[in-house]
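Asker: Sharing a structure, written as structure tokens. Questions coming.
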Amino acid sequence: MSVTLHTDVGDIKIEVFCERTPKTCENFLALCASNYYNGCVFHRNIKGFMVQTGDPTGTGRGGSSIWAKKFEDEYSEYLKHNVRGVVSMANNGPNTNGSQFFITYGKQPHLDMKYTVFGKVIDGLETLDELEKLPVNEKTYRPLNDVHIKDITIHANPFAQ
């Protein structure tokens, strides 16, 4: 199961872990299928750490799940922030997942069991390199020039009916 994020700086193909994180993947794939993420900016970009998106307001404070409420974390001892390109839900504390997600630029073990890992980049690491190089506001970490998710291709959706 995978999706491709088509961004202003290139494509990122992500394998999603539906068996280990079914609720998170159901939410993510449904948001992808409904074009929810189309036009979202990468609103937070910290070199060596991660890049974040998934908020249609572009502020980093918005976004909602398909259930119109926050949903619970799905942690697994097998899913860790142990390499570049791990994809996780962003949150404001335990069980506060919505629509925002981030992609790591490297190992981030301090995030394990705090953020739900639901995927990994399987193609497009060069696009991740381009995102990491973007100049940002030093206080907010927002890229100086907006970079968007243009649209998303779903390669197979086990939740589609």
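Heads up, the Cβ atoms here are built off N, Cα and C, so glycines get one too.
These came from Swiss-Prot, pasted as-is:
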MOD_RES   Ser2  N-acetylserine
DOMAIN    2-154  domain 'PPIase cyclophilin-type'
MOD_RES   Arg61  omega-N-methylarginine
Asker: At the Cα level, what's the spacing in Å between Arg61 (omega-N-methylarginine) and the residue listed as 'N-acetylserine', rounded?
Answerer: 27
Asker: With every protein chain in view, how many other Cβ atoms are within 10 Å of the Cβ of the residue listed as 'N-acetylserine'?
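Answerer: Counting Cβ neighbours of the residue listed as 'N-acetylserine' within 10 Å gives 16.
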Asker: What average pLDDT is reported by the model for the domain 'PPIase cyclophilin-type' (2-154)?
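Answerer: A mean pLDDT of 98 is what the predicted model shows over the domain 'PPIase cyclophilin-type' (2-154).
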Asker: For the residue listed as 'omega-N-methylarginine', list the number of other Cβ atoms lying within 10 Å of its Cβ atom.
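Answerer: Its Cβ shell of radius 10 Å holds 10 other Cβ atoms.
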